[in-house]
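Residues or ranges marked as active site, proton donor by Swiss-Prot: GLU153. Taken from Swiss-Prot, the feature active site, nucleophile covers GLU260, and the record attributes it to sequence analysis. Summarising the annotation, Swiss-Prot assigns domain 'GH10' to 26-338 and lists sequence analysis as the type of evidence. Swiss-Prot lists 368-404 with the feature domain 'CBM1'. For ASN123, the entry in Swiss-Prot reads N-linked glycosylation site. For 1-22, the entry in Swiss-Prot reads signal peptide, with the evidence type sequence analysis.
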Amino acid sequence: MVYLSARTLALVACVLPQLTQASGLDTAAVAIGKVYFGTATDNPELTDTAYVKQLSNTDDFGQITPGNSQKWDATEPSQNSFTFTNGDVVAHLAEGNGQKLRCHNLVWHNQLPNWVTSGSWTNETLLAAMKNHITNVVTHYKGQCYAWDVVNEALNEDGTYRDSIFYQTIGEAYIPIAFKTAAAADPTVKLYYNDYNIEYAGAKATGAQRIVKLIQSYGAKIDGVGLQSHFIVGSTPSQSAQASNMAAFTALGVDVAITELDIRMTLPSTDALLAQQKTDYHSTVAACVQTARCVGVTIWDWTDKYSWVPSTFSGQGAACPWDENFQKKPAYDGILSALGGSASATSTSTAGQSASTTSTSGSGGSTAVAQHWGQCGGQGWTGATSCATGYICTFVNDWYSQCL
């Protein structure tokens with residue numbers, strides 16, 4: 001018979017639960033009652049087999065959003081001539097993986113084909129074209145989408161309506177009419193208004209609340225508000241500010257979702273910036289966790305290799321939780337800890353270190369001490385209950401406490 005020393009047993013007790021408790025982002029999100037954790041994708045990167053392998057990892061991603069292939073220019077490039085080829089590729093991938101499809105988007109001032117932006121419209125003719133577009137696209141994807149972003153970015157920064165072709169020609173009524181049309185085409189899909197810079201209190205968030213009330217006043221269905229959440233490292237709203245803002249929306253009787261999360265930084269990245277990014281991701285996801293009617297989080301692609309940020313914001317990037325080489329960044333563990341999961345064993349940060357033991361007895365005995373991010377308590381837990389210097393054993397749920 002082989003006898004193990006007390007030190008060895010203590011080490012096993014610390015490390016083994018770390019391994020068994022480890023979980024991916026979607027697994028952790030669903031475990032605490034969220035509907036999903038997901039990511040956007042786009043067709044060009046679907047030729048990258050290593051990328052698709054991780055995209056299809058349902059432990060991390062339970063939902064996919066097509067970044068561009070369901071927008072107006074992609075689906076109706078010529079009037080009443082519809083093409084769904086690229087959108088179907090993403091939809092079929094999600095279906096094959098058992099992932100939810102969050103569909104995006106139906107009415108937006110951007111990425112419109114020339115026949116829309118340059119048309120000579122009246123209220124009646126543009127309404128007919130808009131309703132025809134919505135009806136055809138939603139009908140094609142009926143039963144495949146968990147939710148649709150029906151109207152996207154209808155507001156200026158001061159909360160007034162954006163002067164789009166739809167607002168110029170139809171007025172604010174185009175918004176509730178779009179929602180009514182989408183609901184008629186697929187009565188079961190969830191319908192969202194989606195925008196950026198509405199993640200914190202201010203004129204634009206107030207404008208988005210006005211849109212919710214407008215849609216409701218027309219008797220139209222609106223299920224939720226999408227908070228895009230394109231943030232900047234070090235300037236991300238606090239957890240409390242985001243949670244308070246979410247509460248202002250849910251008080252109107254709708255859900256919220258974080259729909260396009262990324263947190264960019266000025267390049268090159270540094271350890272300090274990556275650490276702050278981890279904190280910012282944590283606070284954002286924690287706000288959703290704190291909010292019962294925040295149904296889930298979608299990141300705006302998962303790897304820096306295919307992020308939209310560098311081509312849009314000069315000198316900025318590194319906005320995603322995985323780097324260009326598909327390695328997890330500290331941000332990943334920031335997200336996972338906010339969701340109540342244990343730290344990643346493969347993160348490029350030091351946060352995934354397993355628990356160790358430290359001898360504190362002059363007689364040769366040992367006391368287990370969990371390192372940063374290690375488990376330190378929970379129902380049935382028999383391992384270390386003390387944390388390394390500088391960290392506190394923090395309650396996460398009845399089954400899990402963590403050194404934070």
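Cβ atoms here come from the backbone N, Cα and C positions, even for glycine.
For the domain 'CBM1' (368-404), the model's average pLDDT works out to 61. Ranking the active-site residues GLU153, GLU260 by the number of CB atoms within 10 A of their own CB puts GLU260 at the top. Within 10 Å of the C-beta of ASN123 (N-linked glycosylation site) there are 12 other C-beta atoms, taking all protein chains into account. Rounded to the nearest whole angstrom, the C-alpha distance between ASN123 (N-linked glycosylation site) and GLU153 (active site, proton donor) is 21. GLU153 (active site, proton donor) and GLU260 (active site, nucleophile) have their C-alpha atoms 13 Å apart, to the nearest angstrom.
Under DSSP, ASN123 (N-linked glycosylation site) is assigned to a helix (H, G or I) in the three-state scheme. Secondary structure from DSSP puts the residue listed as 'active site, proton donor' in coil.
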